[in-house]
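Working notes, structure below.
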Amino acid sequence: MKVKVLSRNPDDYLRETKRDIQKVPRNYDPNLHPFQSSREYVRALNAVKLERVFAKPFIGNLDGHRDGIFCMAKHPKSLSTLASGSYDGEVRLWNLTKKKCISSINGHDRFVRGLSFNPDGTRLFSVGDDSTIKVWNTEELDTPSHTFISQSVLYGISCQWLNDKVFATCGDVVQLWDITRSQPTSTLKWGVDSLHHIAFNQIDTNVLASCASDRSIILYDTREVKPMRKIIMKLKTNQLAWNPMEAYVFTAANEDYNCYSYDTRNLESPINVHKDHVAAVTCIDYAPTGLEFVTGSYDKTIRIFESHQGHSREIYHTKRMQHLTSVIWSLDNKFVLSASDEMNIRIWKANASEKLGTLRPRERTALEYNATLKEKFAAHPQVKRIARHRQVPKHIYHERNQQLESKKKLKRKEENVRKHSKKNSIPYVSEKKKNVVSEVV
Amino acid sequence: MGKVHQRRIVNESKNKLAAKISEAANVLLPENSGYIIAEPGEKTTKISQTQLSNSVDVTSAKKHFDLKLDFGPYDIDYSLNGRQLLIGGRKGHVAAMDWITKHLMCEINVMEEVYDVKWLHNENLFSVAQKKWVYMYDNQGVEVHCLKNLNNVLHQEFLPYHFLLSTASEEGFLSWLDVSMGKLVTQFNAKMGRLSLMTQNSNNALICLGHTKGVVSMWSPNLREPVAKILCHGNMITSLAINSNGMYMATSGMDRSIKVWDIRRLKGPLQDYKVRTSPRSMVFSQTGCLAVAINNVVDVYEECCTKTIQHAYLRHNIARTINNLAFCPFEDVLGAGHDGGFSSLLIPGSGEPNFDALERNPFQTKKQRKEAEVKMLLEKIPAEMITLESTVDEVDINTFQTKLTARNSLQTVKPLKINIKVRNKIKKKTLANPSKIKEKILEEKTKEFVRALNARPKDEIDEGKSTRFGVLDRFKNKRNKKE
């Protein structure tokens, strides 16, 4: 007879010295882990609650400007550098880690309308209401290394990617400049009185887009002599941002409270409408991943949208923040910066509940595990409700309800009109197409 | 490729990888389960405990011992990690000990009858069902709580993942008590008479009761009637056991038979064994051994659920009437509480060799225990989630489809045609157009019809009445039968 009885040697299961960590033998046999799905659900519920508990997105603010801030620019190479320009013509360079102003100068006589770094971050271009383009050395803002005087007004500037010399400005026309020439190398015009924003595509570097005050968005190619295409919408587009990962996608922040993502290959209708703001969207910027973008609005809130989703995943607001003028998503995908009317630049976390700083391995695995659980149980009503819930300011809450009500009324009216008119005489228009007037080639 | 599709593919590959890794990890498990290899021609049934303890190492041999106590019959319980033993004699003797080191933690006499003892979530607390009420003691034997809303309790079961202490009382009351908050979750009369037989399904946390009519009923705290009932024997059920993964149930009746059932199907017994007398107590081990107490003899059967076996794996005669059996988790040990005290028997191959330290850890330190307690409390599953089958992580397609079809059928239902005759001549004054009146009446009738449809109870929409005749229908009231 041969017998074996379970007999564990305690030395195999206990730590040798007090300085060791305890031994944790694992056995993944499902029989030893009953109620796995129920326990996971409870864990997911806890995780999503904790996420809301730790959601403290505001990090700090940069104050120093003596007037409202009109524009900001992110440094392409240095994560800690930021440039901002205000209504009184002051240009400031900031160090974000220290939350301090590095240098400042009264660059323009009136508004600073646009700021842009060149691709290697050595020069900062600024345009102002005094119709000058000034080029600054980013080490220290003292005297501009170049000053260009434009014949027309200037409202925006954008540097071409991967090319240190070329930049474009907009005003009543779009002008392409070379830094070695004092006159614009070419002028592109499409019967518009003023263009207030311009942006180069970061991948297809010859393409640029601008927003015009006649409610249109115009696409240009630097290699062509004429503008390429134009979309006319029902209301004005305030700003647009190119998706940094998908060369053909840009998103326009519109006056009608929505953002519209367009595919340049088919401009007939937007590929997505992003709704949630309750006032005009004034500014927009993409995350470097291209999966998300941030918008600032006249309703005094910042919202973060997932680029393929119709509604925002996050809303940021503070009591003192006024109308947003400019937003930026930092290049490390961790922070969002916002500039507003009341002279402050605010720094927010891109992910409200994220823990900053280095994570210990155990901490990281726990967070990753929680993230997976949240994803797995995202559709469960209880989890969904907690994850979605946001406290919003009263004015937003009421405004939103009001807008919903008025939208309902319009819908009802349209339905009634349809009922009482000839069949098929009033077509159903999709939400995407509703706010697009036409595309002009 | 769409984003959803892409994500699904990624997830699938991740899952496959995880399964592969966990399978590979099985190779690394340090321990192997125990066994007896008999000489050719020798039966393992004949091997006695003294023989066994003589042929194993010293530490294992010490695991076979007897406690001669005078307050029997004894009820026993091992703690969840298998380190501590709790015994309670009918005459009031309660003792808690670390049975491996034989260190006595506490010993008290409660001065009244003790019906059942149970460890709670760790070895710091245990509850004792005494003559009148249920009491909770800490590991020093100090009375912590007296639960006066649990009276005349005969049996207790602790559901560790839900932190529920469920009890069955002499008057037929079933109750679930949340021990983390001290709140009674539910308490109701099962209307099945005296509840003397109770066990839990550790896979879905349902409480199983055995009744005198030969029925086994399963209960959840969310329903005041049994979730399921099986007619197992023609007469009284004497003992009941469910294996650790909740697949098989063994029942024994006064008809001197042991039947093994597949709980998931609730249909015909898988096995039907005949024994000498009807067993008093049965229990499954972690590896699926079934221990049966028949008067003063313990029989242990191996793999008796899937195969029909002829002989017992091991047999031991205790010489006193056995009251209660319990396998020690993670050890090859079977504990038996009997009239004359307690016996610890070696059953090679009955314990799970490799424990998961994050789940149950026999070598737990004090700090680990504290941490584990917090974790357990954080992961406490709400009592509302106790169901026959958990579908938390599944898509409920059936319910959705029935809902959908119900809604669709509602849309296609047309109101009955109504013949309306409008009297044309109401003297001279005909105020309204007769056709308009007709229209109005029709509209009103349709609205009424729709309202009535919407007001229908949900069950009526979901499913028609089943006309199937079940075995258990004979237990229904005659009034219910007619319905």
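Here the Cβ of each residue, glycine as well, is placed from N, Cα and C on the backbone.
Unlike curated records, TrEMBL annotations are generated automatically.
A Cβ distance under 8 Å defines the sequence-distant neighbours of the repeat 'WD' (A:62-104), meaning residues of its chain 6+ beyond its ends; these are 110-121, 124, 126, 128-130, 136, 138, 140-142, 325-326, 328, 330-332, 335, 337, 339-347. What TrEMBL records for A:62-104 (among others) is repeat 'WD'.
Marked as repeat 'WD' by TrEMBL: A:105-139 (among others). Using DSSP to sort the residues of the repeat 'WD' (A:105-139) gives these counts of helix, strand and coil: 0 helix, 20 strand, 15 coil.
As annotated by TrEMBL, repeat 'WD' applies to A:274-306 (among others). Taking DSSP states H, G and I as helix and E and B as strand, the repeat 'WD' (A:274-306) has 0 helix, 19 strand, 14 coil.
Within the same chain, residues 50-63, 65-74, 76, 79, 82, 84, 86, 94, 96, 99, 282-289, 292-298, 300-302, 304, 367, 392-393, 396 sit at least 6 positions outside the repeat 'WD' (A:317-358) and bring their C-beta atoms closer than 8 Å to a C-beta of that stretch. Residues annotated as repeat 'WD' in TrEMBL: A:317-358 (among others).
Per TrEMBL, domain 'Sof1-like protein' is recorded for A:350-436. When the domain 'Sof1-like protein' (A:350-436) is classified with DSSP, helix, strand and coil residues number 54 helix, 1 strand, 32 coil.
Only residues 6 or more beyond the boundaries of the compositional bias 'Basic and acidic residues' (A:400-418), in the same chain, are considered here, and those with a CB under 8 A from a CB of the stretch are 257, 278, 392, 426. What TrEMBL lists as compositional bias 'Basic and acidic residues' is A:400-418 (among others).
According to TrEMBL, the feature region 'Disordered' maps to A:400-441.
Sequence annotations record features per position, and here TrEMBL assigns compositional bias 'Basic and acidic residues' to A:430-441 (among others).
The average pLDDT computed for the repeat 'WD' (A:62-104) is 93. Within its own chain, the repeat 'WD' (A:105-139) is flanked in space by residues 70-78, 81, 83-91, 93, 145-164, 167, 169, 171, 177, 179, 198, which lie at least six positions past its ends and keep a Cβ under 8 Å from the stretch.
Across the repeat 'WD' (A:62-104), DSSP helix (H, G, I), strand (E, B) and coil residues number 0 helix, 25 strand, 18 coil.
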